[in-house]
Structure formats: C-alpha cells, structure tokens
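Notes follow the structure.
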Amino acid sequence: MNSVSTIVKNETKCYHCGEDCLEGKLTFEEHSFCCNGCKTVYEILSSNDLCDYYSMESTPGFTIRDKAEHSLFDFLDNESIKREVLDFEGEGFQRATLHIPNVHCSSCIWLLESLDRLNPAVLDSVINFSSKKLTVNYKSDEMSLRQLAEMLDSIGYGPQINLKDSDESKKPQKTFDKQLLIKMGIAGFCFGNVMLLSFPDYLGIAGVEEEYRSFFRYLSLALSLPVVFYSGSEYFTSALKGAKQKFANIDVPIAIGLLALFVRSSYEVIADVGPGYFDSLVGLVFFLLIGKWFQSKTYEALSFERDYQSYFPLAVQKRINDAFAPVPVKELKKGDEVLLRNGEVLPADAILIDDYASIDYSFVTGESVPVARKKGDYVYAGGRQVGKQVRFVIQKEVSQSYLTQLWNNDAFGEKEVHTKLVDKVSRYFTLVILLIAFGSAIFWQLTDPSQTWLVFTAVLIIACPCALALSTPFTMGSIMRVFGRNHFYLKNADVIEKLNATNTIVFDKTGTITETQGEALKFCGPALSEAEKALIHTAVASSTHPLSRWIKQFTEAKGFDYNIESFEEIEGKGFVSVVSGLTVKVGSAKFLGVEKSTQNNATQVHVSIGDDYKGYFSFEATYRKGLSALLDALKNKFKFQVLSGDNDKEAERLKSMFPTGSTLRFNQSPEDKLKAIKEIQAKGNDVIMLGDGLNDAGALQQSKVGIAITEDVSLFSPASDAILKASNLMDLHKFIQLAHEGRNVILASFILSLLYNGIGLSFAVAGELTPLVAAILMPLSSISIVVFTTVSINLISKKIKLK
Amino acid sequence: MSVILILILVSLVVAIAFLTAFFWAVKSGQFDDTYSPSVRMLFEDRVKKEKEAKDD
C-alpha cells in the first residue's frame with residue numbers, strides 16, 4: 001500500500017477529517033489525507049467497500065493526527081470487567097452497549113450500523129444517536145469484546161469504557177421521561193374528547209337531543225378521572241410535600257384549583273345542575289404537562305455528574321508473579337507494581353521505578369505540556385504516560401489518592417436547595433386567593449346563601465395559576481434552547497435562576513483562560529535562518545516526544561532537502577541527530593551543557609547545530625482572545641478571582657488584564673481551590689466558577705454555578721452545573737445578560753397572568769363564571785403566556801446577538 | 001337515535017386503540033432517539049444492492 005502513497009506539499013483538506021494537510025499530505029487512491037491515521041481508516045473502509053461513508057457527508061471523520069496512540073483494550077479480556085460491560089451473554093453470542101463519543105453525523109450512523117461488513121462476526125449493530133450508545137450483537141466464538149473495541153478504534157470510533165458505564169446510572173432519568181410522555185398522551189387524548197363532548201352543552205341542547213346530555217356529561221366525568229388521578233397526580237403529591245414543610249410552592253394553588261374544579265364539576269353532573277368544567281380541568285393539566293416537558297429538555301449525551309471514576313481506567317496492568325495482567329483498579333493495593341503504556345492513565349499515587357516518564361496532566365490541570373518525572377519521583381494519580389511504557393509502585397489506594405480524596409469532601413453531598421422565583425411569588429398568591437375565596441363566600445352567605453358554595457369554588461377554579469405556572473418553564477426552556485445553540489449546555493433550568501443570583505466569577509487559569517492546544521511557541525536567541533529551520537525540522541521529525549511535533553510545525557521551511565543520517569534519543573533529556581553531515585542537538589539545558597534561561601519559567605527546549613549553541617524554544621501559555629473584552633463587559637456586575645494551580649510567574653500579566661480589585665491566587669491545590677470558594681461564600685458572595693480540569697472539580701461543586709469549560713463537549717469534563725464549549729467562553733456576558741432578561745420576562749408574564757386572574761376573579765366573585773367563560777379564558781391565558789415568553793426570549797437573544 | 005351513542009362509543013374505542021399504540025411506541029423506545037431513524041431510512045438497501053451485483 002505504501003508504494004501508492006507519496007508525499008506532496010500543498011495546502012489541501014484531508015478527505016477523511018477535513019483538516020488542513022499541514023505537514024505534507026499523503027495521497028491514496030486520488031484522495032488527500034492529513035496523516036497516516038486518517039489514511040489507514042480510509043484504507044480499511046475502502047477495502048471493505050464502505051466508501052459510501054464519504055459520500056453521505058463530506059469529511060465525516062475525526063482527525064486521528066492529534067491522537068498520539070491507539071487506545072489499549074486488553075483489559076476487556078479480564079472476565080470480571082467483561083461481565084460488567086456486557087449486557088447479555090448467550091450461547092455463542094454476546095451483546096454489548098458501548099458509548100462512542102465521536103458519533104456526530106449521518107455518516108457515523110451508517111458506518112456503525114454496517115459493522116457486519118467489516119467483520120462478519122457482528123450480527124447487527126444499532127446506534128442511539130442522542131445518547132451516542134452503540135448496541136452490538138456479535139458471535140462470541142468468532143470475536144471477543146476486546147476485538148470489537150479494537151475494531152471500532154481502528155476506524156476512528158473508539159468506545160469510551162469506564163466504571164460509570166457499568167453502573168448505568170442514567171436509567172432512572174429515562175423512565176421519568178417516558179412517564180411524562182405517557183401522562184401527556186393521556187391528558188391530550190382526554191382533552192380532545194372532553195372538548196368535543198362539551199360542545200353540545202355550550203351550543204345549547206334543545207328538544208330531542210336532551211336525552212344525550214347526561215350521557216355526554218358522565219362520559220366527560222369518566223374521561224377526566226385518569227387525567228386528575230394519574231396525569232395530574234404529581235401536583236397533588238408535590239403540594240402535599242410543600243404543605244408538610246409549611247411552604248406554599250406553586251403546586252399548592254394548582255392542586256387547590258384542580259381539586260376545586262374536579263369536585264365542583266362532579267357535583268354539577270351528579271346533581272344534574274350543569275355541565276361542569278371538565279374541559280377546562282383536563283386542558284389545564286395538559287398545558288401544565290406540556291410546560292414541564294418543554295423545560296425538561298436534557299442533553300442526554302452529556303453527563304453533568306462525572307467524577308474521577310469516569311476518567312480513570314477500568315483496569316491497569318499489574319505484576320502478578322513474573323507477568324503483567326490487567327486487574328480492575330479498585331483492587332489495587334499499596335505496593336503493587338503496575339505497568340503504564342503509552343496513553344494510559346495512572347489510577348493512584350505511585351512512585352516511578354523506571355528511569356524516566358513523561359506525564360501529561362492535561363485532564364487534571366489543563367496544562368498541555370507533559371512534565372518529566374525521574375526514577376524515585378512521587379507521581380500523582382490522573383496523569384497520562386506519554387512515550388515508552390513505564391513501571392510504578394502504588395503508594396495509595398485509588399480512593400485515597402491526592403486527587404481522588406477531593407471527592408470525600410462534604411461539598412460532594414447534597415447541594416443547597418434553591419428557592420425558585422415562582423415559589424416565592426406563589427406563597428403570597430395562595431394567601432391572597434384564599435382570602436378572596438373566603439371573603440366572597442362570607443359576602444354571599446350574607447346576601448344569597450344558595451350561591452356561597454358556587455362562588456367559593458368558582459374563585460378557586462379561576463385562580464388556579466396555570467398561566468403563572470407556565471411562564472417559568474416556557475421562559476427557561478426557551479433560554480436553555482438559545483444557550484444550547486451557542487454550545488452552553490445546562491444541567492437543568494434551575495441553573496438560569498442561580499446565574500442571576502451570583503456576584504463573583506472565579507476563573508481557573510490553565511486551560512480555562514489560556515488556550516489548551518497550540519501554546520505559543522517562541523524562539524529565544526538570534527533569529528534562525530531558513531536553512532537552520534529546515535535542519536531542525538528534519539532532525540525533529542524522527543523524535544517521538546510530544547513537544548517535537550510543535551517544534552516541527554514551527555520550523556516548517558520550504559525548498560530544502562536534508563537527509564537524516566543518524567538519530568539517537570536519550571529519554572528525558574533530548575536527542576542528537578546527524579542531518580546532512582551536521583550534528584543537531586535538541587533537548588534540555590543540562591543536556592546541551594548550557595545555563596537554563598531565567599528570563600521566564602516556561603518549558604524550554606534548547607538547540608545547537610554543529611558546535612554552535614543557537615538558543616531555545618519556549619512554550620508559553622497564550623490567553624484566549626477576547627478575554628479582556630469579556631472582563632470589561634462583566635466588571636460592573638461582578639468581582640473576579642483567579643485560582644491557579646501554577647506558580648505565580650504569570651502574576652504580572654494577569655494583574656494587567658484583570659480590573660483592579662480582583663484577587664489572584666497561585667499554587668492552589670485541588671483542596672485549596674475548594675476552600676477558596678468556601679471562603680468567598682463565607683463573605684456572603686455567590687460564585688460562578690469556571691474550570692476545566694479534575695483539579696477544579698471540588699470548586700465547581702462548591703460554587704453556586706460551576707461551569708466546566710471544554711474544547712470538545714463529547715470529551716470528559718468534571719461534574720458541574722453547566723458545560724460550555726471553550727470557543728464560546730467569550731459569550732459568557734451575553735449568557736448572563738440573557739438570564740437577567742429572562743427574569744424580567746418572567747416577571748412581566750407574572751403580571752400578565754395576574755391580570756387574567758383579576759378578570760376571571762371579577763366574573764367569579766360576581767357569581768357569573770359559566771363553564772363557557774372558563775373554557776375560553778383559561779386556554780387563552782395559557783396560550784398567550786406561552787407565546788409571550790417564547791417570542792420575547794427569542795427577540796432578546798437576537799438583540800444581544802446570540803444565535 | 002341511539003345510533004349516536006353507539007357511534008360515540010365506537011369512536012372512543014378507536015381513539016383508545018390509537019392511545020394504546022402511542023403507549024406501546026413510548027415504551028418500546030421509539031421516542032428515545034428521534035434523529036437516527038430519519039437518516040437510517042435514506043440508506044441504500046443493502047440486500048438489493050448485492051442482488052443486483054449477482055445479476056450483472
């Protein structure tokens with residue numbers, strides 16, 4: 001196959017993933033690829049006649065270039081782990097459900113459902129797009145779970161297997177959604193039928209048809225039973241719960257209204273005095289349920305509850321006698337010897353027993369430059385080994401490690417209960433309604449006792465705050481949809497109200513306000529000539545060190561043709577290479593025998609060509625573009641703090657960026673960050689925390705609103721209230737503004753719905769609330785509130801330039 | 001005259017049949033994933049394709 005591929009330098013897009021082909025593209029069967037990984041996927045697909053993958057959507061693939069290595073799945077051979085992952089095991093056949101984070105388009109669906117063409121052992125495969133879960137049935141005597149995972153990985157859809165998957169914590173959520181749908185179905189069905197059955201009464205029944213009247217009415221009564229006692233049951237239980245805690249939530253007046261409607265209507269039908277208000281009653285429940293459904297839109301594929309367990313591996317290679325075999329991480333004990341291969345995560349604090357390791361802590365701290373560790377160093381859990389395989393001796397159990405101890409903190413218990421705005425209003429509302437109801441009852445008792453009971457129930461019926469109850473869910477639901485379009489995903493609608501109640505924003509530094517990818521690479525020393533650049537470029541191409549890739553990009557030079565003659569890499573120090581007769585040395589200051597520059601503390605890579613020392617490359621964090629504009633827009637309403645796990649080398653730069661009065665803290669451990677948030681809260685402030693790594697998990701949990709920043713929302717992010725795509729961080733002030741405006745919209749719709757209630761009450765108190773008036777007034781008020789809230793939220797979001 | 005009663009009852013039974021169909025659809029997971037079926041129906045029918053290949 002290699003004979004077909006040639007290297008051509010040109011700016012083109014990769015046929016597989018759509019990335020620019022930077023480092024010289026590869027061509028295969030007339031298509032260009034940015035890297036070997038993408039090309040390999042294409043080869044696999046084309047040799048299995050699966051190229052339709054590329055015809056459905058252009059460049060459907062995920063880039064494989066940045067993925068240094070393929071994941072290892074040999075732990076899936078371990079029986080106990082396998083049993084946890086498998087759904088079902090039969091005679092020569094197994095079923096597994098795997099989470100595939102990369103699923104994003106119709107091509108993905110097609111390819112993943114055509115797996116049987118790739119390997120005939122697959123019987124069938126079905127993908128659930130919204131939860132990104134793939135269910136595969138396969139012949140277990142022809143293919144193992146491990147082979148399945150490796151096959152998926154080889155075509156760029158590596159499954160993410162972790163402990164949380166086996167616990168299947170998501171199931172209760174699903175049944176809730178289904179129940180709501182069924183309740184809505186019943187309410188909608190009964191609403192339609194009761195409305196039809198009510199028409200004759202409204203239009204007036206006369207003469208011959210009168211004999212049908214009681215039939216229609218009893219049928220309406222029968223149809224309202226499942227709606228009141230099944231679909232609307234939640235309102236009664238919630239109201240009872242509220243009453244027990246002596247707290248009148250919005251469900252209390254709703255439950256009173258529903259009950260009054262039902263009792264009054266049943267009485268009218270049974271006593272044969274009128275048609276009752278069954279259509280209003282059933283319609284009311286139907287609208288309320290629609291509101292609930294609208295607000296409960298969740299992001300199934302995103303998880304807001306992830307802790308370290310879903311980031312840590314399921315198993316690790318442990319030494320048993322003279323061989324290494326995968327064991328579940330839970331079983332690790334102090335003193336165990338473990339082997340980490342390229343790309344594997346260290347699950348517990350350990351001491352390195354090999355000479356050198358290069359550990360990438362990007363998921364923990366957001367720092368993307370790997371750190372070097374030497375023999376005997378104490379290495380914290382959560383780091384990812386980059387490069388050769390290395391051995392460690394475990395020092396602490398997984399749950400007792402430096403990072404994971406964070407989860408033992410109280411902050412991970414119950415979060416404070418947030419009192420919703422609507423519940424605050426409903427407390428007074430309930431009181432006022434009861435006063436009016438009893439007041440008018442007393443008045444009628446004195447003037448015309450026969451009307452007392454009718455007026456009393458009529459007041460309770462018309463006061464049922466349906467419109468009031470709908471205004472919040474529809475406003476919140478609309479805001480959540482606008483946020484979602486802008487890649488800001490909320491755990492639930494309460495987060496919007498909590499956003500309004502904050503006055504302090506705390507930023508994590510690395511990975512949150514600095515870029516995680518492509519740190520600014522700078523060459524310090526006399527400027528390199530094009531020829532020198534090309535020399536270094538050629539030499540560095542053979543190095544596997546993660547920093548080498550960036551240097552390679554940086555030293556891109558055209559028109560030179562150097563050949564590499566020898567190459568020797570010394571782990572943890574650097575490499576010596578002979579390129580076209582010239583010796584090129586690249587590595588640490590010590591390795592080259594020069595003084596480390598003290599100008600900055602950034603990671604430095606020094607270079608010499610021949611005998612001349614040329615200078616060094618320095619990797620510096622760059623701050624995200626637009627940060628100062630964002631801070632400017634927010635500084636009137638918020639105080640800022642920065643919590644950095646790094647040393648204070650960036651203090652001066654940060655100080656100049658943040659407005660005066662902002663607090664900057666450095667050298668913060670994960671525990672310190674959590675404590676810092678508690679401290680700010682103790683002073684009576686409510687905090688929004690923005691962070692990206694596992695080390696921010698405690699602070700995210702403790703703060704009122706914890707927002708996890710992530711480059712790719714399908715990747716891991718720590719437990720939080722909201723997930724925000726890093727590229728949309730600079731819209732934060734717009735999100736906060738929309739949340740504020742949302743509050744105004746809700747207040748306006750409260751006034752609107754109270755107006756409706758006022759009109760209705762005037763009918764009721766006067767004893768003129770006929771079923772027809774109720775049947776018109778109640779849906780009208782509900783629908784106008786729904787239209788008002790959704791339209792105004794969408795107009796406002798357009799005004800503040802959100803998508 | 002009483003035919004109206006029968007008709008209404010029949011219509012209710014028919015409507016309840018549809019409601020039951022809706023319950024079945026919800027319970028069998030048809031509302032779990034509302035995106036992929038819309039794409040899936042556009043995929044080439046593979047059995048046909050293979051047959052055509054044989055015919056050639």
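Placed from the backbone N, Cα and C atoms, the Cβ positions cover glycine too.
What you see is a predicted model, and the numbers here were worked out from it, not measured in a lab.
In the domain 'HMA' (A:94-160), helix, strand and coil residues by DSSP number 21 helix, 21 strand, 25 coil. For A:94-160, the entry in TrEMBL reads domain 'HMA'.
Here TrEMBL flags A:180-203 (among others) as transmembrane segment. For the transmembrane segment (A:180-203), the list of distant contacts is 209, 212-213, 216-217, 219-220, 223-224, 226-227, 230-232, 275, 278-279, 282-283, 285-286, 289-290, 292-293, 296, 771-772, 775: same-chain residues at least six beyond its ends, Cβ to Cβ under 8 Å.
Long-range contacts of the transmembrane segment (A:215-236) within the same chain: residues 183-184, 186-187, 190-191, 193-194, 197-198, 200-201, 251, 254-255, 258-259, 262, 265-266, 269, 275-276, 278-279, 281-282, 285-286, 288-289, each at least 6 residues beyond the stretch ends and with a Cβ under 8 Å from a Cβ of the stretch. Look at TrEMBL and you will find A:215-236 (among others) tagged as transmembrane segment.
Residues annotated as transmembrane segment in TrEMBL: A:248-267 (among others).
Sequence-distant contacts of the transmembrane segment (A:273-294) (same chain, at least 6 residues past either end, Cβ-Cβ under 8 Å): 180-181, 183-184, 187-188, 190-191, 194-195, 198, 201, 217, 220-221, 223-224, 227-228, 231-232, 235, 254, 257-258, 261-262, 264-267, 461, 464, 466, 469-470, 473-474, 477, 771, 774-775, 778-779, 782, 786. Among the features that TrEMBL reports, transmembrane segment is placed at A:273-294 (among others).
Taken from TrEMBL, the feature transmembrane segment applies to A:428-447 (among others).
Beyond the ends of the transmembrane segment (A:453-476), by six or more residues, the same chain brings 250, 253-254, 256-258, 260-261, 263-264, 277, 280, 284, 287-288, 291-292, 294-295, 420-422, 425-426, 429, 433, 436-438, 440-441, 444, 493, 496-497, 742, 745-746, 749-750, 752-754, 756-757, 760-761, 763-765, 767, 769, 774, 777-778, 781-782, 784-786, 789-790, 793 to within a C-beta distance below 8 angstroms of the stretch. Annotation source TrEMBL lists transmembrane segment at A:453-476 (among others).
The transmembrane segment annotation in TrEMBL covers A:745-766 (among others). Under 8 Å from some Cβ of the transmembrane segment (A:745-766) lie the Cβ atoms of residues 421-422, 425, 436, 440, 455, 458-459, 461-463, 465, 467-468, 471-472, 475, 773-774, 777, 780-781, 784-785, 788-789, 792-793, 796, all in the same chain and six or more residues away from its ends.
If you look up TrEMBL, you'll see A:772-796 (among others) marked as transmembrane segment.
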**OP:** Report, as numbers and ranges, which residues of the same chain sit near the transmembrane segment (A:428-447): CB under 8 Å and 6 or more residues beyond its ends.
**Re:** 248, 252-253, 256, 453, 455-456, 459-460, 463, 465, 468, 761, 764-765, 767
Original post:
Other than its close neighbours in sequence, what residues sit by the transmembrane segment (A:248-267), given a CB gap under 8 Å and a spacing of at least six beyond its ends?
Top reply: 221, 224, 228, 232, 234-236, 238-240, 242, 273, 276-278, 280-281, 284-285, 288, 420, 422-423, 425-427, 429-431, 433, 454, 457-458, 460-461, 463-466, 468-469
Original post:
On the 0 to 100 scale, where does the mean pLDDT of the domain 'HMA' (A:94-160) fall?
Top reply: 85
